[in-house]
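Have a look at the structure below, then the notes.
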Amino acid sequence: MAPAANKKGILERLDAGEIVIGDGGFVFALEKRGYVKAGPWTPEATVEYPEAVRQLHREFLRAGSDVMQTFTFYASDDKLENRGHAQRFTGTQINEAACDLAREVANEGNALVAGGVSQTPAYLSCKSEDEVKAIFKKQLDVFVKKDVDFLIAEYFEHVEEAEWAVQVLKATGKPVAATLCIGPEGDLNGISPGECGVRLVKAGAQIVGINCHFDPETCVKTVKMMKEGVEKAGLKAHYMSQPLAYHTPDCNCQGFIDLPEFPFSLEPRILTRWDMQKYAREAYNAGIRYIGGCCGFEAYHIRALSEELQAERGFYPAGSEKHGNWGSGLEIHTKPWVRARARRDYWEKLKPASGRPFCPSLSEPDSWGITKGHADLMQKKEATSQEEMKALFQKADKC
């Protein structure tokens, strides 16, 4: 399916100072809906259940998303075959279907299509630069064939691997964005956010930022550090933020994957729509113009970003048709005490209760302290054995 004619490209929009609203987290959203398996987190749903992927794209488009990101997270062949994960489809089939679905929905509005690659098991297992780049190139061939509007290298814990991805993607001549899943402490080798930003721009990325692993407050803080480093180096870039929809004040450098609640008990940490409006404003004030979300983000979260920035954007998203500004729809509620909540100051001042009297407000993250090259992170095609799992259980009990 061809791109719709006369749409402004991503750089044209950002160069003009426009705000670009990203989409939300497909992996977590579709896992909750029963179309993605937690653990491998791979996107076979593009060919198994295309109607589910299409519908989620449409929900984000209606909420105000300007970008339909292809559901190609972890769609490299080495990840699709990792640890005994049986496959009925090739990476090429999954990636092509993802591009077609994203383009179909993007053409229903003014949205662009972004083809995305992410970190690989091959890099964690210390494969060579050429081997890792070949994996990215295979995905990229599909994105070129399907003529996506721009490319995103996202979810990288090590800036080196992200640089390799950017170097491969920029060969197409299409705009390239690159986001790391790091916090203020830097990547997992301790490289600062500022230096990471410099390296990504020098590798060829025109848009740089942070996605996943941390909450909006932490991600905005980290992008600001990245921005400072890039500007200090005399370089120019646009900036983007696509954080979690979970509060993570207690996370260490690995982010939410180290929280004991990951991934099946994170719901008490979900940000409200009002939290999201605060995030949108803080990101905008920090000079970030590509503002979206990652894991945990649902369509109502994206709508909140769009509504907070409607004055700057000049319009409300279609989804606001069914949402009164700051709860104004409650004015027609039958109960008077609920009607009394139809005002901004009520929702801005509210401290939501969790309803869990015996639960702590913070957790103690796991801190195994391992990264690329460690024996426990070497990946393989064979399934994890029961003996290996027993050893991990024993190690976890000691940590």
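Including glycine, each Cβ sits where the backbone N, Cα and C put it.
The Zn(2+) binding site annotation in TrEMBL covers Cys212, Cys294, Cys295. Residues annotated as domain 'Hcy-binding' in TrEMBL: 8-309.
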Tertiary neighbours of Cys212 (Zn(2+) binding site) (same chain, Cβ under 8 Å, six or more apart): Glu154, Tyr155, Thr179, Cys181, Gln242, Pro243, Leu244, Gly255, Cys294, Cys295
Zn(2+) site shell beyond Cys212, Cys294, Cys295, criterion: Cβ within 8 Å of Cβ centroid: Gly25, Val27, Phe28, Tyr155, Cys181, Asn211, His213, Gln242, Pro243, Leu244, Gly293, Gly296, Phe297
